[in-house]
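Here is the structure we will look at.
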């Protein structure tokens with residue numbers, strides 16, 4: 001007989017220690033998945049990165065600010081073929097007043113006169129109505145010196161003075177009484193002149 005001891009039994013007390021030390025033995029017919037390790041020096045990718053969002057074919061992602069045709073501006077859903085109701089309309093025959101634009105009209109009691117100057121340009125002057133070259137001075141623009149002036153007036157004997165004198169003679173007045181109408185300024189013609197350049201502007205006749 002040989003004096004060598006028999007080999008240890010595989011299921012003996014040392015078997016669990018070998019399994020814990022070297023890991024579970026590989027199962028025959030199955031291979032462990034290969035794990036890709038990054039090359040040395042490169043950081044590991046974060047573990048929370050998931051797959052890209054799923055996009056159905058033929059429907060791209062909408063751009064920021066794009067409103068689908070079936071959605072309103074406030075985000076409410078509108079079924080196809082639905083149109084928002086129109087806003088309130090004014091009653092039939094009513095038209096809202098538009099903005100008022102004042103036109104170039106003179107104020108009440110005013111009158112627009114056009115005075116020609118020697119250069120050929122037209123100057124528009126607004127004077128008081130009822131005092132346009134009559135028996136009182138008038139504010140206007142001199143057509144000669146082109147300055148804003150108040151006309152200077154002078155009285156001259158005109159046709160109305162002679163008519164009133166002949167009327168007095170016809171009524172049997174004395175020779176001296178028929179000269180009285182020639183002394184009253186209210187019966188004389190009025191001549192308007194420029195106080196600056198002394199130029200003649202207009203003559204107002206009591207009787208044409």
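Glycine is treated like the rest: Cβ placed from N, Cα and C.
The following features are taken from Swiss-Prot:
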| type | residues | note |
| --- | --- | --- |
| BINDING | 142, 145, 194, 197 | Zn(2+) binding site |
| COMPBIAS | 1-13 | compositional bias 'Pro residues' |
| COMPBIAS | 36-67 | compositional bias 'Pro residues' |
| DOMAIN | 122-206 | domain 'LITAF' |
| REGION | 1-71 | region 'Disordered' |
| REGION | 164-184 | region 'Membrane-binding amphipathic helix' |
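Mapped onto this structure are the features recorded in Swiss-Prot.
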residue: 142; record: Zn(2+) binding site; Cβ within 10 Å: 20
residue: 145; record: Zn(2+) binding site; Cβ within 10 Å: 14
residue: 194; record: Zn(2+) binding site; Cβ within 10 Å: 20
residue: 197; record: Zn(2+) binding site; Cβ within 10 Å: 12
Across the domain 'LITAF' (122-206), what are the DSSP residue counts per state (helix, strand, coil)?
22 helix, 28 strand, 35 coil
Write out, in the order they occur in the sequence, the residues of the chain not among 142, 145, 194, 197 that have a C-beta within 8 Å of the mean position of the C-beta atoms of the recorded Zn(2+) site.
143, 144, 146, 147, 149, 195, 196, 198, 199
